[in-house]
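Annotated in TrEMBL:
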BINDING   G117, T118, N119, G120, K121, T122, T123  ATP binding site
DOMAIN    28-103  domain 'Mur ligase N-terminal catalytic'
DOMAIN    115-312  domain 'Mur ligase central'
DOMAIN    339-463  domain 'Mur ligase C-terminal'
MOD_RES   K226  N6-carboxylysine
Amino acid sequence: MIRPVHVTSTRLGELIASCPAEYADVAITGATADNRQVEPGDLFFAIPGATAHGARYANSAVASGAVAVITDTDGADFVTADVPVIILADVARHVGDIAAAVYGFPAQKLTTYAVTGTNGKTTTAFMIDHILNTLGETTGLIGTVAVKIAGQEIPAQLTTPQPADLQAMLAALVERGGTSLVMEVSSHAIAQGRIESINYSVAGFTNLTQDHLDYHNTLTEYFEAKALLFTEKFSRVGVAITDTPWGEELVKRGNERVAALASQPDQPAGWRFTGQADGTLTLRGENWGTITTSTNLPGDFNIANAALAIAMVAKAGYSAEAISAALLASNGVNPQVPGRMEVVAEAPRIVVDFAHNEDALTKAIEALRPSTQGNLIVITGSAGDRDVTKRPLMAKTVAERADVLVITDDDPHSEDPAHIRADLIAGIPTDTNWIEIADRREAITAMVTDACAEDTILIAGRGHETIQDMNGTLVNLDDREVAREAHAKRRA
């Protein structure tokens, strides 16, 4: 975890109104909910987890230097160490606000950008970060792929970090001279209260399609979680792509706080964009101006992502002239986004992408089809312990649009991989060309070895991920490296 080096201590009584008088002067210099991350002077949050209560680790946290524990009534009995124990109802909802106070409310010292949506969060966040860097800002980027704080990068554990960790990262960014923070914000994070302590400068919405129904139950419930980000509690202004009714609904609810961004000329919108097959993008903002730039990331969806990124930076106060000049100097909106339509080899062209639902797979195939002279081969699976209803839809859209579909394993987690593959296969229409190769490494190697130079191979589902979870056994597996190795042997 990234933390600030210097933290001014705060009295426990200043952090918690209900703190007993005898504990009020305890000095707090950090905060965490992970006993493995505890440093001397920390406040430890012992919150209930999915499989165990965090209070079970409170004594370990104290042994590592925690000077006080906050938990709920269920957790209090687990704490036997001789430190102050504060009991709060629904303790998880208090973590962000208390941690923000510990670290001096760092979000208030930054311009903060939040991107949500089913698909496109990572790419859009990388694009915003790229634009801000070209404008001379020192930035933080927090998301699915990585955490970057003023140039320091660590692997990401969650799309949106736990709130105490998040506040520590923000404080470190401020300490290092940071000016802006860009975050992916997942629906899980919103629903679980991980962003309770931040009011974002600008929020952005990419799209909403079927995914995560194992958690949210219905698409409407999924949308409502995302919609919370655009309320006054969580953001000051917003931009929503309105090419779907979900985006239109956000704009309607926003009462002019949420701007509409549309590609269709018949849609009412203050911001409009058009794109060309070569990646050229033109964005027009009402009372703002017009900018023409480009992106080298393929697909209409990346044109939309780039338009949203620029519009969000504009809503934070940058002029069309400033952004245009910066992007001219950097040759467009061209960040390197690991595992997002990432081309890892040519002849045959091999593309690795994170697409793991029907909409994302459809758009990835549509983006690659025009530039594919030979066959378009798609290798995909589906993660275990996730939304099972999307699996047949995923296989169906690929089988109907690709020349060859290869069903393989993704991250089965605790599920039987054969059952997951069967769910996918159930959606494949008759008279389509598909095969099943369970082992993912074997599937990638076979397709790369046998493909013609004019073919395109899309390896979908895992993107940047480097570890495959096989029922708790963690296997080193980076789709990009496997593809490169197979391609190198092909050329040998």
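Every residue, even glycine, has its Cβ placed from backbone N, Cα and C.
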Other same-chain residues whose Cβ falls within 8 Å of the Cβ centroid of G117, T118, N119, G120, K121, T122, T123, the recorded ATP site, in sequence order: V115, T124, E184, T206, N207, N305
C-alpha spacing of G117 (ATP binding site) relative to K226 (N6-carboxylysine), in angstrom: 7
All-chain count of other Cβ atoms within 10 Å of T122 (ATP binding site): 25
For G117 (ATP binding site): intrachain residues, at least 6 apart, with Cβ closer than 8 Å: T124, G204, F205, T206, N207, L208, K226
Stretch-averaged pLDDT - the domain 'Mur ligase C-terminal' (339-463): 97
Around the Cβ of K226 (N6-carboxylysine), the count of other Cβ atoms that are within 10 Å: 24
Neighbourhood of T123 (ATP binding site) by C-beta distance under 8 A, where only residues 6 or more apart in the same chain count: L297, N302, N305, P335, V337, R340, M341
Cβ neighbour count within 10 Å of N119 (ATP binding site): 23
Listed in sequence order, residues with CB under 8 A of G120 (ATP binding site) and six or more positions away: T206, N207, F301, A304, N305, L308
Residue counts (helix, strand, coil, in that order) that DSSP gives for the domain 'Mur ligase C-terminal' (339-463): 45 helix, 27 strand, 53 coil
DSSP three-state assignment for K121 (ATP binding site): helix
DSSP-derived structure type at K226 (N6-carboxylysine), helix or strand or else coil: helix
Greatest C-beta neighbour count within 10 angstroms, which of the binding-site residues T118, K121: K121
